[in-house]
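Engineer: Could you have a look at this structure, given as structure tokens, before my questions?
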Amino acid sequence: MHGTVSRSSSSSNMTDVSSPAGGAASPVEIATSSSTAATTSASASSSKPLTNGANKTAISTAAGVTPGAAPGPGCAAIPASGSSGNQVKLEHHYRQSNNNRPAGSNRSSETKLRSPAGESDGASRLMTPAGSSSSPSQSPSQSQSQSQASIQTQTSQQDRLVKAPSTTASQQDVDEVARLFEEKPEAFEKWLTERAPPEALSRLQEFIENRKPHKRPSVTSDLFQQWMAASPTVQQKSPRSLSNSSASSLPECRRHLMDLDEGELFMELIRDVANELDIDVLCHKILVNVGLLTHADRGSLFLAKGTPTNKYLVAKLFDVTQKTALKDAVTRASAEEIIIPFGIGIAGMVAQTKQMINIKEAYKDARFNCEIDLKTGYKTNAILCMPICNYEGDIIGVAQIINKTNGCMEFDEHDVEIFRRYLTFCGIGIQNAQLFEMSVQEYRRNQILLNLARSIFEEQNNLECLVTKIMTEARELLKCERCSVFLVDLDCCEASHLEKIIEKPNQPATRAIKSADSFEEKKMRNRFTVLFELGGEYQAANVSRPSVSELSSSTLAQIAQFVATTGQTVNICDVIEWVRDHNQIRAEDEIDSTQAILCMPIMNAQKKVIGVAQLINKANGVPFTESDASIFEAFAIFCGLGIHNTQMYENACKLMAKQKVALECLSYHATASQDQTEKLTQDAIAEAESYNLYSFTFTDFELVDDDTCRAVLRMFMQCNLVSQFQIPYDVLCRWVLSVRKNYRPVKYHNWRHALNVAQTMFAMLKTGKMERFMTDLEILGLLVACLCHDLDHRGTNNAFQTKTESPLAILYTTSTMEHHHFDQCVMILNSEGNNIFQALSPEDYRSVMKTVESAILSTDLAMYFKKRNAFLELVENGEFDWQGEEKKDLLCGMMMTACDVSAIAKPWEVQHKVAKLVADEFFDQGDLEKLQLNTQPVAMMDRERKDELPKMQVGFIDVICLPLYRVLCDTFPWITPLYEGTLENRRNWQDLAEKVEMGLTWIDHDTIDKPVEEFAACADEEIKDIEFTVTTLNCNQQSQHGSEDSHTPEHQRSGSRLSMKKTGALGKAVRSKLSKTLYNSMDGSKPKTSLKLLESHVSEDMDDKSPTSPSQPQASGSMGRMSASSSTSSAGGQMVDKSKKRSKLCALL
């Protein structure tokens, strides 16, 4: 059964909409009763009735109901949220709607949700109970009784929801309604779409809108959004002006204004223009309202334009009557643009003097121009012209009204005063409208510039599309007829000096440019090669490559050439006169059609002119303004960015192609030859013991180059990596040979160093039993990383790369060389026939490459210092499980550092030779820093401070090596030999450092060729002519005669750390250390030769001295300079007790 709607003119009416049987039930019942019935039902309703005069409305809202829920067996006015606050909001909106109704409206409604009997599912329908309509003769008490009886006939479910005197629904009622809404939401939706009355829908819409967050009130927000959302044609008209644009509707909508007095009319007309922000609509309203206030027949409004030095008036609207439609007025003003300079005519004089002009008889005034009357046939009698100023008193326009319509022949003082007062408010409105128009234009400009910025990235591979898009946007925004872009030949700009000489063989070979030819020379360098031209709105862009003759004959091209040469922006109002004033422009074509030109250079990031942008002729025939120039400058900047970005992109593509070619060539030459690979494949590989691979004392000094490769293969075999990961044997051999080939022949960081690092890792894994903590894949990655960790090393460190700003330092900002080593490793693996990981699964490949990368980067000592504290913390906490990803990475990093510096733990005869290689490489880098950077290198790289190397070796061991090996051997005791070897070498370096500090032991060679032990440790061997110098020990004492011994050489006595060969004095600290060294040397049977020599010289000197000798005073402690040889040593062996001589020596020291 379809719902029926019954309406009556009585004071009480009800609306009944019933649901069909078995169909969707109606969740809302709206009962419209009389005002007295609504008042009585308030006690039984869930909300208080709202009153508005004679109308009273009761709204019952079931809390907890949402608009999308299914209806339940209850009573609700409108589905709402569970809080009473929403009900209050709804009542507030309803009160507002009642207040907005006209007086005398007698519509009151009571909204309830009820279920008819017999519907167990809780569905409800909109119905009108019998007897609810009351006649006008019924008393309020009778109507109240009938209303109460109607409520009492509801079902028990309805009574649970509507209870008096409760103002809110119970939670049980809410649950029942919510349950029904959740079970049957489609029933509620169907009722809303098919059977809900318009009044219920409107109230529901108000309730939904009320729940939305309110926007901040703004006078211009809605208009601005509507303006920007409209099309460009609609933007030219105000949205609110369209309804008032017809000539017939304007008098109708203003007819009620005639009933207002003058004050009310004035205020009403002010309100009419107060919030109007469309400049066209505002000017139209001003003229119509002024005509209404002053009884003027028609009026015109002029707006001030131009620069401060060249101002003029432009007719915004002209000859507007009260019946003139806005569209007609705007069209006529646009078609016949009237421009009046300041000081010309009536309006021009008012604008210049800011004084009002009231003319009673226009034809008798010399300033009046009667040409308009002759064209239109209209006769002008009286004119009232008045300036429009802003709040600062500046002229922003002029308003002019003509002829009275009330029978008067002139404008009296009353008209003048009303006109002046109204224009005061109009000045504020006009300036606001202009500011709003400027904001809209600025918004559009910003949107265009954002689109241009987006286009730069989208069209970076297509220069023609990018320039065409920029030109199109510039033409549309600046309203010009044509637009052109000239691009400079950049290859010509970057031509070498030799090419210029070849082009001009008759010119002298000099870089100097004659002043007379400077402009022509610049023109040659800024030669245009590409021209983009864009004509009218429906014309496509034209791209051409003009010839030299075409550029020379074109005036526009010559002007563009002038801009490119000078780098200046030109804004030309009269092209013919400008060309006449510039003699450099020698064009042949006609320029009659060209009126105005705006030409601007396009520059790249280096401020080089790469093109010229040119605008030709404004659409309205006026010159380009400063505002146009500023906007066009933004287009030129974006055009320059786009062109520069496109060229950079092209260059990057070329460089990438070159890089690919270079990598192919490098890969070919970096790969081992097939002959070498076949030879190594067929060679027999000795056992690991024959190479001493399991020992931490391994040395490669006795191995030839081929043996080093065989030793590497043996390590892979012993770790079972070849069969485990199915590495083809020929691929492994080729990879080993390729790795060896890619190491440079530097003194230390070469292939031999990589072999030693890999062997130490192998010994740690096998002998040190570290393999139990590693997987086979990690062992493979660690060995590969050890062999590749210094690939392509240049003999310089990261600091040198940064100082010299090398390409590697630019490519890698941190761990420069280590990243390069890893990249070289990847390059070799990617070379044909060198991928030893080819049989791995993708997951295993990623895992092993991650291990290799992390291990190689860990060889940077900066990374070691970052990881060391975390590793020490784990060890101190007793960590024994190293299988976590982070912990395994820390352990591998420490192992890589331990292997990288393992030369410090080799036997002393190996260690000091390796130290010589390291020192040589460091000294070479120091020499490069002095030569290339003109800086003083650090001590360990300064060849002049090579005597400090033993001391620096001790510091290196103390800071890096010993702490690392100590913590490793404490955790993994099987690698203790590394710690013990380092400790032994530290003692040797410390002993050498002390002797060097005393000056007793240093061989004057460029490198550490022979340690002092080689000539001082063998007491049994015969000493052959070793020159030894003993200087004065008590050097500060003078003889009694005030002069030094004649045998004492002259020397500088201030230094205490100079060698004895160079000086004749020892400081107190040096004598103390020397005494300590001598005592330490007395270990029993075989004192060192140096000690024997010193004792021999001292005993001979003491035996030769006599206490009474006149030539040697007793007070003098001087000792002569003597040369020690083998014969002297043997001949000087007098029968002197050895302990006695030692005691005398110690006494002297």
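Cβ coordinates are placed from backbone N, Cα and C, and glycine is handled just like the others.
Swiss-Prot feature annotations, pasted as is:
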- His753, His789, Asp790, Asp900: divalent metal cation 1 binding site (BINDING)
- Asp790: divalent metal cation 2 binding site (BINDING)
- 48-59: compositional bias 'Polar residues' (COMPBIAS)
- 96-108: compositional bias 'Polar residues' (COMPBIAS)
- 1139-1149: compositional bias 'Basic residues' (COMPBIAS)
- 278-430: domain 'GAF 1' (DOMAIN)
- 462-643: domain 'GAF 2' (DOMAIN)
- 673-996: domain 'PDEase' (DOMAIN)
Engineer: Under a criterion of Cβ-Cβ distance under 8 Å and sequence separation of at least 6, what residues of the same chain contact His789 (divalent metal cation 1 binding site)?
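Structural biologist: Sequence-distant Cβ neighbours: Ala754, Val757, Glu818, His821, Ala855, Ile856, Thr859, Met896, Asp900.
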Engineer: When the pLDDT values for the domain 'PDEase' (673-996) are averaged, what is the result?
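Structural biologist: A mean pLDDT of 92 is what the predicted model shows over the domain 'PDEase' (673-996).
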Engineer: Mind giving me a neighbour count for Asp900 (divalent metal cation 1 binding site)? Other Cβ atoms within 10 Å of its Cβ, every protein chain shown.
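Structural biologist: So the number of other Cβ atoms within 10 Å of Asp900 (divalent metal cation 1 binding site) is 22.
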Engineer: Long-range neighbours only, meaning 6 or more apart in sequence with Cβ under 8 Å: which ones does Asp790 (divalent metal cation 1 binding site) have?
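Structural biologist: When sequence neighbours closer than 6 are ignored, Asp790 (divalent metal cation 1 binding site) has Tyr743, His749, Asn750, His753, Ala754, Met817, His821, Thr859 within Cβ distance under 8 Å.
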Engineer: Around the Cβ of His753 (divalent metal cation 1 binding site), how many other Cβ atoms lie within 10 Å? Please give the count over every shown protein chain.
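Structural biologist: If we count other Cβ atoms within 10 Å of His753 (divalent metal cation 1 binding site), we arrive at 22.
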Engineer: Which secondary structure state does DSSP assign to Asp900 (divalent metal cation 1 binding site), in the simple three-class scheme?
Structural biologist: helix
Engineer: With the divalent metal cation 1 site defined by His753, His789, Asp790, Asp900, which remaining residues of that chain have Cβ atoms positioned within 8 Å of the Cβ centroid?
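Structural biologist: Neighbours within 8 Å of the Cβ centroid, excluding His753, His789, Asp790, Asp900: His749, Ala754, Val757, Cys786, His793, Thr859.
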Engineer: Under DSSP, is His753 (divalent metal cation 1 binding site) part of a helix or a strand, or is it coil?
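Structural biologist: Once the DSSP labels are grouped into three classes, His753 (divalent metal cation 1 binding site) ends up as helix.
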